[in-house]
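As structure tokens, the structure follows; a few thoughts come after it.
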Amino acid sequence: RESDHRAWTPVTYTVTRQNATIQGLIEGKAYFFRIAAENIIGMGPFTETTKEILIRDPITVPDRPEDLEVKAVTKNSVTLTWNPPKYNGGSDITMYVLESRLIGKDKFHKVTKEKMLDRKFTVEGLKEGDTYEFRVSACNIVGQGKPSFCTKPITCKDEIAPPTLDLDFRDKLIVRVGEAFSLTGRYSGKPAPKVTWLKDDIVVKEDDRIKIKTTPSTLCLGIVKSVREDTGKYCVTVENSTGSRKGFCQVNVVDRPSPPVGPVIFDEVFKDHMVVSWKPPLDDGGSEITNYIIEKKDTHKDLWMPVTSATVKTTCKIPKLLEGREYQIRIYAENLYGISDPLISDEMKAKDRFRVPDAPEQPIIKDVTKDSAVVVWNKPYDGGKPITNYIVEKKETMATRWVKATKDPIFPGTKFKVPDLLEGCQYEFRVSAENEIGVGDPSPPSKPIFARDPIAKPSPPVNPEAVDKTKNSVDLSWQPPRHDGNGKIIGYLVEYQKVGDEEWKQANLTADSCPETNYKVTGLTEGLTYKFRVKAVNAAGESDPAHIPDPVEVKDRLEPPELILDANMAREQHVKAGDTLRLSAVIKGVPFPKVTWKKEDHEVSPKADIEVTGVGSKLEIRNTVHEDGGMYSLTVENPAGSKTVSVKVVVLDKPGPPRNLNVSDVRSDSCYLTWMEPEDDGGSVITNYVVERKDVASAQWVAISSSSKKRSHMAKYLMEGTQYLFRVAAENQYGRGPYVETLKPIKAIDPLHPPGPPKNLHHVDVDKTEVSLVWNRPDRDGGAEITGYLVEYQEDGADEWTKFQTVPMLDCVVTGL
């Protein structure tokens, strides 16, 4: 029964067990229960509950929470979510307790704050690289229930997921001007990607019309009231540390075209029709021009008449005009989205207007050679009649008269090769156009050109080498380039580089400062090593460089002296007396040698001029005389050695006087002269001797021989008894030398001989101390009267004869014996 009722209500009639389940009770009401046992005899007394029982479910701790899941993991945090328990224990959940355990440890630690009812929690402050597991329990008024099942072990590290991109738009989007459009999509990725919008590779920025909205999972670019400038290729980039994804959309904001571009050009004007042209609109509205609408209007009327509305060309023939009337033309452009504003022309009168062609623009000259040039021009306005011929004229720049380049017609090409130019001359050219009306004005003259083959850069110099060096300079030499590029070589540029450096320095700043094929590079540092290179330069520019093969160390070079003899230093040098003696030689050696001239090992004559230059030496003696001849020597000496050369100098002159003039075999009408050759023949062969005589009483010498080559002569035709002087001189090709004379006069008489021996010598008386001798005359007196007799005696047994005296007579007494 209910506690506030008195009536009992039976629950069951037959219960054989000792328990029963009472159903149909009302929750929240209090009840009393009673039980009686019954057998076949009948029912026994009831036993009643002692106190009322309030009907409600029994209260226990909650069940374990369900579906504990890890939603996000970073290097120092873990985010978890879970669902409530299936049964709360009969009482509302008052809070959840989340616990964690470091793998390897035994105990779980509480990580949630007090009274947490949210079913999502981010555990922070974790250590990167550590591994944890988590569990959660629910609490009610009774207490804390069982924990949930543990998560799998979770290692703290940044979760990585490459971006994904799911777009709601297609590759192309066409929007009318003024309409709005938006580009939307969804994306994901870990860590959270960065979203960037680009238009034609430029970052899109928000303004009054452009809005960008990005949530953690959606993206959107919206544009209201679109304009033509919004046309472009849009790109959205979703990017995180693992990669990026891109989406593209070509947005074309379309509109009607802008007007065609003027002015309207009247290409042809006739009395009954015109041909006009124009340029397409600057903006086709984002859609191809489908056609142009052309209308005409007589300026005397207000009515526009259609010409055509079905042309895509930018030119049109306007037919059916009235001669003499003025017309205006207007043109519309049309695309799929509308018709543009019109382009209106100037007024134009319908009438024929043929004339000679206009003057072409200034022609251009190409491909110039030494005898030809190509003239190129643009076609001018033809004056309404087709051009039938071009006339090309040429003239030398300084001349006044233009000459046709050819008599043949030039058409339809707009270039012509002019032949027969004179090499080196400067020319100008001009062009006129001709139609059936006549010849138009000539073009302005071309720029002047010289008729010469085109100049190219030269090839590099050939065989550059270092030929000399000192402690601060290097002498370079090379040969000209094989090809000068058809242009005169202006000069050469010499560059040097210290070994180890990258920069080349210029030894000379301009090519014309080195026109020859050699150059001395100065200002170098002693002991350093340098590289050198040379470029050839013409009007077209610099050649490629030619490099000296090996680096050069800058220091004084030591070379022994070297003598290169000139022709006047042959083994023997002949010079004519009175002329100038020159001896010279080229001298080499590093350092430059000391130069010494000597003659016969003595100093040379003070009258000799000696000159020493950096390349050689010269000795010069003016007005040479015979004494200047001799052996000359030239000695050159430096620390590396010495060298000497000698030359015998012969001064060619008249010979000296003959020697040892002797007269013999004197007769009454002749005598015999002999002599010896001169000591000095003057350096030339004696050609002949000149023999002369002179009567001592006369002042005049008389030649008796002038062609004798012998060194003797028989002087004939003398006058007996006359005393003569004789003299002889030698001659060579350079003249007659001095005479040698006899020392004393020679008398022309026959020669005297000693007389014969006296005859019949005998004594006529003898004493103890003296002897008287007599004798007869000799048979011959020797050609002269006997002047006396010489008497000599000899002691018997002795060797010597003793002179006694000379007596005039034929007898003599020898005394003192």
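Backbone N, Cα and C define each Cβ position, glycine as well.
Listed features, source TrEMBL:
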type	residues	note
DOMAIN	1-58	domain 'Fibronectin type-III'
DOMAIN	64-159	domain 'Fibronectin type-III'
DOMAIN	163-252	domain 'Ig-like'
DOMAIN	259-353	domain 'Fibronectin type-III'
DOMAIN	359-454	domain 'Fibronectin type-III'
DOMAIN	460-557	domain 'Fibronectin type-III'
DOMAIN	561-646	domain 'Ig-like'
DOMAIN	657-751	domain 'Fibronectin type-III'
DOMAIN	757-817	domain 'Fibronectin type-III'
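Over the domain 'Ig-like' (163-252) the predicted model carries a mean pLDDT of 91. The listed stretches are 1-58, 64-159, 163-252, 359-454, 460-557; of these, 163-252 has the most Cβ pairs under 8 Å to the domain 'Fibronectin type-III' (259-353). Within the domain 'Fibronectin type-III' (359-454), the DSSP-based counts of helix, strand and coil residues read 0 helix, 38 strand, 58 coil. Within the domain 'Ig-like' (163-252), the DSSP-based counts of helix, strand and coil residues read 3 helix, 58 strand, 29 coil.
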